[in-house]
Amino acid sequence: MGLFGKVEAFFGGGEEERHSHSHSGYQCDELHPEEHSANRFQSFAAPSSGNIKWFVDGCSYFWAVSEALQRAQESIYILDWWLSPELYLRRPPSRNEQYRLDAMLKAAAERGVKVHVIVYKEVEAALTLDSAHTKHALEKLHPNISVFRHPDHAPAGYDIASEIGNSFKNLTNFNLATMSKDTLKAIYGAADDVVLYWAHHEKLLVVDRNLVFMGGLDLCFGRWDTNSHPIADAHPGNVDNIIFPGQDYNNARIFDFADVGNWDQNQLDRTKSSRMGWSDVALSMNGPIVSDLVSHFVDRWNFMYDAKYNEKDPGKYVRLSLPGNYGSSQRGYEQEGSEEQEYEERRGGGGMLSRFTESLADEMGNLGLSEGHRSHHSHRSHRSEEYDDERSYDRRSSRGGARIQLTRSCTKWSSGHATEHSIANAYVSAITNARHFVYIENQFFITATSDEQRPVSNKIGAAIVDRIVRAYEEGQPFKVWVVMPAVPAFAGDLKSKDALGTRAIMEFQYNSISRGGHSIIQKLVAAGIENPREYIGFYNLRNYDRINTSRTLRQAESRSGVSYEDARRYHDDYVNEERYSRDDEERYDRDRYSRDDRYGRGDEDRYDRDRYSRGDEDRYSQDRYGRGDEDRYGRDRYDRGDEDRYGRRDEDSSNYDRYQRQAQSVPDDTQDTVSAAYMKNGPNISNIPWNGAPEDEFNAFVSEQLYIHTKLLIADDRLVICGSANLNDRSQLGTHDSEIAVVVEGPTTLDSYMNGERYEASEFAASLRRQIFRKHLGLLPDQRWDQPTQNWLPVTDAPNDYDWGSSADRLVEDPLSPDFLNYWEDVAHTNTKVFSRAFHPVPDDSVRTWDDYDNFFSKHFIIPTAKGDDKKPKDGEEGKVPYGHVVPEEFPGGVEELKDWLGRIRGNLVNMPLQFLIDVEDIAEEGLTLNGLTDELYT
């Protein structure tokens, strides 16, 4: 019996969730609240407008966030699944201590800014987020910082550990998936007879109620990354160059985060194991759309205040209010400012509301919007036309801003409101009405084409099938790309018992794509499409790097008597300490960072487009890897005069100083990362020097999947859906995780091409799609983490800068042209072939059975355990290499042969191995009866 059958048998065909998209076509209009019926997608919010900017990957996004936080004058609102107070928004940490998140929030609070944070309250035994640490670490900084955690999984005073016993500690996916329903209910808790398996998954930052950041990126460890995604971070020549301090250097396929309150402690040895890169997309917006997001946050805050904190901590917190009829359709909003005024007086601030009303009016005036246009803030405007064909495409210019609509997934437990799944409605609408292509990049892909795929309920898969079949029957070209992780980001060997949850998710995904009898590809074949790949393709991302374990490391360790890992820990310890004096806060003075001053028109030359023209690309040439560039980042930078500012403890300082001093005396031109080699104008990997033996260089190469955390859909280069929602039931149904996403159309039209013909696209959608395609194909230059461009600034400072008409841009301009499609497939095929030979990653198409798995993977690698990956080989492990390293027998010619193959890799695109374990009937666990958690947690 397969996984679907087990879950179906377990549930016994109980009453179907009415908001599952499976009872009345794709949208259940009649089941949404009446006040939402006039709004497109049955969202609580009608279409709005505003200025919008994209950020691809965390480096530029977190820089922009740091700019906004240091200018905040009145309020900061944060919604996050996970928030790490010790996150560095700029890198390297040793030169950017003032840009650590907790330091920036503290400085803002001391300027009188009110900081409100909402984070998901996890089940501690199942997740390692430690939201209690988040709350206590932030609230102790200043009275102006308030943190809510939700939901409560057990009644106050209830000791679940004593009820369940020692098994409550360190629960694994296997433990959870085999527990009884009663035990699960005790662990996760319940509200209104609903077991709280689910999470608050939104990612939102609102500054001064007029600037918004949202998308896929939490303000937490593991998310900061550049576009080349370096996965090596050993710096034996100078530990001050560390980019990923402490647990921010993470590989979830090896070890999960642990004890994050002690964030500087990391059991992952960065001289032996790589990190896992993080690919993501986020947005910045201002203008009228901000009011909907402010309303959403205030509604969520007040819901939690009423349900929990008013009684739990009376007098400590207050409800938030909105001015006038701002968001008036949302239940529970205060229309007068009494409590807000009380809050201002108590916390020492003053009067943000009137100033906000004025700033909103100014913002609307700048966008050319009349008083009458404000009606959409009431969320009651008439139904707007759904995204449709060329005739309904909005050809307005940027003068009025983009058309943006907020959608969400929420229900009683998460918000106190009736179930809303307007995100799912928007996905189905975008796919159904797309004329040329749909690009989906998402962390998960679990969906259904019919009711037979129970327990999966969302019908996004059915919409994909119907749209492709329509194109086939009409003889029209149409393409769907789906880019997703090869493996969910859970630790452990895929064959192990503890990987049950990982395999369950993979089986649900394979049954959505190509297996199980009702998958997308099987439905297309049944409709007469002989080669579904002409219409839909599935892809993963993967990259490689080289860990700098060159002769420098051993010589510095030998001369100093200090191991590199000890020196690294000393570094992480001193960047972890609080060293912020009152004098330091002058750097945060809000007058200095006012827009008219720092980023006024007179100062914009720093970010002038000409500075970042294609003619400047020679800075990414191979010369970048010479000693001339290393002076800025390497040993010559170390200055004994800087030591006092680090405030290190004397005992650690002496070891740290001794290592640093000796490292300077070791000549070395080895690079600490080679991730630029597969990017545009990067060096040839064969020409990047190595100071050491060839066999040591061979063993220094590592690879890992590039983890896709993006939640994105782009249709026809005209429409974008971006937010926090995954493509699975958890995010899409509304009854499970809480989510937000925006649907974006326009604003500026762009002369482009589609299928060889002239075509009007949206500049925003087209530039985002082209930027992402070029990154995956290696057609962007390597991104330096300390060389900001205007793409690193909030939307209030500068729009996205994109090199329209460059040779790389022209290559990806027409996504349906044969030249582009052939290039995409060639890069994916070549990269897949090289990675498969060099690193034997799983999944792989050659692995069809568990015996294949052992021959291809298990016999070659030492798999790390929770006890650490520095153990001596056990019986049967002699001759194996550490997980993620090169398989030696594949390259009898040694490192030169290896580098010749690696030099063929461009970007990080690889084919998804749809034949992986295809001859295994049940990859989750044969004969195991799974409980309800499989349905609720894994889909």
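Please read every residue number as a count from 1 along the shown chain.
Using the three backbone atoms N, Cα and C, a Cβ is placed for every residue, glycine included.
Predicted automatically and left uncurated, TrEMBL annotations should be read as such.
Among the features that TrEMBL reports, compositional bias 'Basic and acidic residues' is placed at 578-652.
According to TrEMBL, the feature compositional bias 'Polar residues' maps to 661-671. For the compositional bias 'Polar residues' (661-671), the DSSP-based tally of helix, strand and coil residues reads 4 helix, 0 strand, 7 coil.
Per TrEMBL, domain 'PLD phosphodiesterase' is recorded for 196-223 (among others). For the domain 'PLD phosphodiesterase' (196-223), the list of distant contacts is 55, 58, 61-62, 64-65, 68-69, 71-84, 86-87, 101, 118-120, 122, 150-151, 153, 184, 188-190, 246-248, 250, 252, 257, 260, 263, 276, 278, 280-286, 289-290, 293-294, 296-297, 352, 356, 359-360, 363, 413-414, 443, 709-712, 722-726, 730-731, 736-740, 742, 794-796, 933, 936-937: same-chain residues at least six beyond its ends, Cβ to Cβ under 8 Å.
If you look up TrEMBL, you'll see 704-731 (among others) marked as domain 'PLD phosphodiesterase'. Listed as Cβ neighbours of the domain 'PLD phosphodiesterase' (704-731) (distance under 8 Å, sequence separation of 6 or more from its ends, same chain) are residues 54, 81, 198, 201-203, 214-217, 223, 229, 231, 251-253, 274-283, 387, 393, 407, 409, 423, 426-427, 430-431, 433-447, 455-458, 460, 483-487, 489, 540-543, 737, 739-745, 750, 752, 754, 759, 761-762, 764-766, 768-769, 772, 815, 841, 884, 908, 937, 939.
What TrEMBL records for 321-352 (among others) is region 'Disordered'.
According to TrEMBL, the feature region 'Disordered' maps to 366-401 (among others).
Taken from TrEMBL, the feature region 'Disordered' applies to 578-671 (among others).
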Stretch-averaged pLDDT - the domain 'PLD phosphodiesterase' (704-731): 98
Helix, strand and coil residues within the domain 'PLD phosphodiesterase' (196-223) as assigned by DSSP: 0 helix, 10 strand, 18 coil
